[in-house]
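J.: The structure under discussion is supplied below as structure tokens; questions concerning it will follow.
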Amino acid sequence: MLTARLSRPLSQLPRKTLNFSDRENGTRGSLLLYSAPFVPVGRRTYAASVDPVGSKAVLITGCDSGFGFSLAKHLHSEGFLVFAGCLMKDKGSDGVKELDSMKSDRLRTVQLNVCKSEEVDKAAEVIRSSLEDPEKGLWGLVNNAGISTFGDVEFTSMETYKEVAEVNLWGTVRVTKAFLPLIRRAKGRVVNISSMMGRMANVARSPYCITKFGVEAFSDCLRYEMHPLGVKVSVVEPGNFIAATSLYGGTERIQAIANKMWEELPEVVRQDYGRKYFDEKVARMESYCTSGSTDTSPVIKAVTHALTATTPYTRYHPMDYYWWLRMQIMTHFPGAISDRIYIH
């Protein structure tokens, strides 16, 4: 059931009636929606009760750019000892150079490819030996590293499905398993960056959705197991922040992905769908990538709260009103209704 912060009685609110059909039962009906003012989700005020940061240490994956890069700098400013896991540390990416240029003993970049067990194990040993008291453990782990792609199911190769899963899902599992002994000793926090696409599917995003649904399930299982051990597990589900994170690297990168995808399609798929349909899907993706929020602060605030609050939330939803409402409808309403609104 949707909940709203109402400024006047429900009966006085503007109403919108949406007709829908139930294909299985052959019935027709209507859904009465009330439009009500909500507190913008991206500006949510979190509970103020927090644990003192002190000398607590955290590891963040995927710090070369995007959320991870911004989060590393923010948590450092909050007083944390930050280990910034970077895919391109060995190659000196711009993000690594900027973080290293801060020349702080409390901000250390670490080479970390979440797909390689040897790098994950090496990072765990480096971080353990860098802690003031390894027996007290590591306070926080933020699994942020991730990649994405787009394309209908018939446009997406099995190699692409595996590549996205290796980073987003198995990378999260791999890093978590490597650092859980340290997290358990500290009775600390695990914060997994999922997505609104981990709660609701969308067209042309199946590789990404599959992995983020998996992160959600993994996080729930881990939360149940860690509860009696004093470790708290939270999931952050950002909305559309592609414009802020440059996840696709701009329209040129999208076109490059699209051209490669088209060239590798089986001839029967190209003939059945046609280039016009394919190009329309690419254009929609370009529009989506340039229409999102350019401000990462809602996500940064959510992760910070999950790491510092005495009682962190199970899930955080830093997203604008449109995506928040859509997620509620797609996860709480019968499929016949949500399909009628967003598909038919």
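Even glycines carry a Cβ here, placed using N, Cα and C.
The following feature annotations were taken from Swiss-Prot:
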- Tyr208: active site, proton acceptor (ACT_SITE)
- 59-83: NAD(+) binding site (BINDING)
- Ser195: substrate binding site (BINDING)
- Ser219: O-linked glycosylation site (CARBOHYD)
- Lys73: N6-acetyllysine (MOD_RES)
- Lys97: N6-acetyllysine (MOD_RES)
- Lys103: N6-succinyllysine (MOD_RES)
- Lys103: N6-acetyllysine (MOD_RES)
- Lys177: N6-acetyllysine (MOD_RES)
- Lys212: N6-acetyllysine (MOD_RES)
- Ser246: phosphoserine (MOD_RES)
- Lys260: N6-acetyllysine (MOD_RES)
- Lys260: N6-succinyllysine (MOD_RES)
- Lys281: N6-acetyllysine (MOD_RES)
- 1-46: transit peptide (TRANSIT)
J.: Out of these modified residues, Lys103, Lys177, Lys260, which one has the fewest other C-beta atoms within 10 Å of its own C-beta?
T.: Lys103
J.: In sequence order, what residues of the same chain, 6+ apart, have a Cβ less than 8 Å from the Cβ of the residue listed as 'O-linked glycosylation site'?
T.: Val190, Asn192, Ser194, Val233, Ser234, Val235
J.: Work through the recorded positions one by one (Ser195, Ser246) and point out the residue whose CB has the fewest other CB atoms within 10 angstroms.
T.: Ser246
J.: Just checking, which of Lys73, Lys97, Lys212, Lys281 (modified residues) has the fewest C-beta atoms within 10 Å of its C-beta?
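T.: Comparing Cβ neighbour counts within 10 Å for the modified residues Lys73, Lys97, Lys212, Lys281 gives Lys97.
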J.: Let me know the DSSP-derived helix, strand or coil state of Lys260 (N6-acetyllysine), please.
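T.: Assignment for Lys260 (N6-acetyllysine) reads helix.
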J.: By a 10 A CB contact count over all chains shown, which of the binding-site residues listed here is most packed: Leu59, Cys63, Leu71, Leu75?
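T.: Comparing the binding-site residues Leu59, Cys63, Leu71, Leu75, the most crowded Cβ belongs to Cys63.
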J.: If we count other C-beta atoms within 10 Å, could you say which of the recorded positions Phe67, Gly79, Phe83, Tyr208 has the fewest?
T.: Gly79
J.: Taking just the CA atoms, what is the gap between Tyr208 (active site, proton acceptor) and Lys73 (N6-acetyllysine) in Å?
T.: 27
